[in-house]
C-alpha cells in the first residue's frame, strides 16, 4: 500500500532534486553571466528550501542521524532549530524577493527609483541581517523541545518522530506564539503591500500599451515575467502559510497534535519549497535556453 510516508518521501525527493538543479542554474548564471539582482535572492531561497526538506518532519536528515547513532535529544534539538531557522529564512527571503522586484520595476519618477542602482549593495546587508536575525530569533526555542519519551506521563506534545514540545506555562506559550506571529504577520504584510504595488504598476503599463497600440509591447518583457513569477510565489506562500498557521496555532493552544493533522502539516510545510522551482522553471526562459545549449553541445559531442 502506498502510505502517506511514501508520499512525503516522494515530495521531499522531488523537491530536493528540483531545488538542487535550480541552485546549480543560479550558480552558473551568477558566476558566468550577468545576473539580475533577484538571482542572488532566488539562489538563497532554493538553498534554504533544500535544507528545509532535509530537516523537516522525519525525512532524510533524521534518518541520517539515526545511522550515526546520535543521541535522540541532540538530533531533536538540532533538526528542530535548523528547521525553525530555515522556515524563518524562507518567509524573509520571499519577502525580500518581493521588495527587490517592486524596486526593479518601479518607474523612474518614483521615490524608489533612486535605490535601483544600489540593489546589490543593499542585498549583502539584507542577507546578513536576515541570517543574524533568524539564527538568534529561533535560538530560544531549543530550550522548549526535547527527545520524545511518553506523552501521557510527561505532558509533552509530540511534534516529530524524535521531538516533542516540553511542558510550558500559558504565559511562555502565549509569548512564543505572539512574537512568532508578529514577525510573520509583519513580513506577510510587506509582501502583500509590495505585491499590490506591482499589480498596480503592471496594470498601468498594460493600459499604456493598449492605448499606444504598440506591437512591440505585446510580448511580455523579462521584467514583467519576473514580476508575475514573484506575485505567483507570494500568492502560494501566503495561502499555504495561513493554512499551516491555523493548524499550528490550534494544536499549540490545545496542546495536542493529531497524527493525521501532523502529517498534513508536514505536507503543507514542504508544498511551497516544491512549488517554487516549478514556478521558476516555467517562467524563466534562461533555464530553457541553458538546457537547449547543453543538449546542442551533447549532440555535437557524439555526432
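From the backbone N, Cα and C atoms, a Cβ is placed for every residue, glycine too.
Here the structure is a predicted model, which means the values were calculated and not measured.
Feature annotation (TrEMBL): of 206-230, 231-255, the stretch labelled transmembrane segment is 231-255. When Cβ-Cβ distances under 8 Å to the transmembrane segment (124-148) are tallied for each of 12-31, 89-112, 185-203, 231-255, the top count falls to 89-112. Over the domain 'G-protein coupled receptors family 1 profile' (18-280) the predicted model carries a mean pLDDT of 78. Distant neighbours of the transmembrane segment (231-255): 91, 94, 97-98, 155, 157, 165, 173, 177, 181, 184, 188, 191-192, 195, 198-199, 261-262, 264-265, 268-269, 271-272, 275-276, 279, 283; these residues of the same chain sit at least 6 beyond its ends, with a Cβ under 8 Å from one of its Cβ atoms. Sequence-remote contacts of a segment are chain residues at least 6 beyond its ends whose Cβ falls under 8 Å from one of its Cβ atoms, and for the transmembrane segment (89-112) they are 36-38, 41-42, 44-45, 48-49, 52, 119, 123, 126, 130-131, 133-134, 184, 187-188, 190-191, 194-195, 197-198, 201-202, 223-224, 226-227, 230, 233-234, 237, 241, 272-273.
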